[in-house]
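One structure is given here, and the rest of the page talks about it.
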Amino acid sequence: MSDTPKRCGFAAVIGSPNAGKSTLVNALVGEKVTIVTHKVQTTRFAVRGVALAGETQIVLVDTPGVFAPKTRLDKSMVAAAWSGAGEADTIMHVVDAGARARMEHGGAKSGDSRMVEDDDRVTEGLKKTEQKAILVLNKVDLMPRDQLLAMSQELYETGVYSEVFMISAKTGSGVPQLREFIAGLMPEGVWHYPADQVADLPARILAAEITREKVYLRLHEELPYASMVETEVWKKLRDGSLRIEQSIIVERETQKPIVLGKGGSAVKSIGEASRKELEEVLGCKVHLFLNVKVDAKWMARRSHYKDVGLDFDV
């Protein structure tokens, strides 16, 4: 039996939408626990992933991106991000180093300017709360070292960061070192989850998130951000398999044919991809049935917020 005391704590991951927060959480855990797509603001609520480092359990809170909110859903998501940060033992601010470098040295892509503005918004938010964070420069694998050093120095001098790590969440470069460092910051205490549990997310919500990811991956250039997936039926069958019925909800009638596709081809492809991953995650055969609904006011319905732990009244 090890003489090393057990440790357990919470580490929040904050940053601009699409900075690579979800990819980093998955890399730290070693398994997929949160969805990753081309779309910004994919993570809508705080998802907890559970990473292990020796005798230490790190509960990673993958928060929604911090950005300038416009809708009720936006405001709820940003509030959830700061709530997750405020309750954590340590905070990681993930910055897309490539986007920041392109803004400074030329070759900027669409969305880079907004991402840098959102990063600065996080930095200012940390200043106001007087919380120290770990600066995680992500997507550094294709950047010149001199640019990285200058960038890290500039951000470190804001006074809100205790450490700087340079990583590539996608390739895994620098991730083990970051995991070990975070583990050293966790307080002594009993583990909150069994050793083999990698996520704290109800199965019904996890299933909806998996299908939502497939919707975005299949239709990311055609379907607006304003869509959601709801798990309506979850039935265990006699043979041990699962019957899952879900609705893909969009805001307008004109969006419904996009999700369905010609002859139902798009929704069929989404269903096949989702069913395959659900079977891997749940460890049983899954019978998945998808329906497409139009609900112009889904973002204004309190029940949708409550289901995923967002504050409707923020």
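Numbering starts at 1 and runs along the chain as it is shown here.
Heads up, the Cβ atoms here are built off N, Cα and C, so glycines get one too.
Swiss-Prot assigns the feature region 'G2' to residues 41-45, out of the candidate ranges 1-5, 41-45, 121-125, 176-180. Listed ranges 62-65, 170-173, 254-257; the one Swiss-Prot annotates as region 'G3' is 62-65.
Secondary structure at Gly15 (GTP binding site), as computed by DSSP, is strand.
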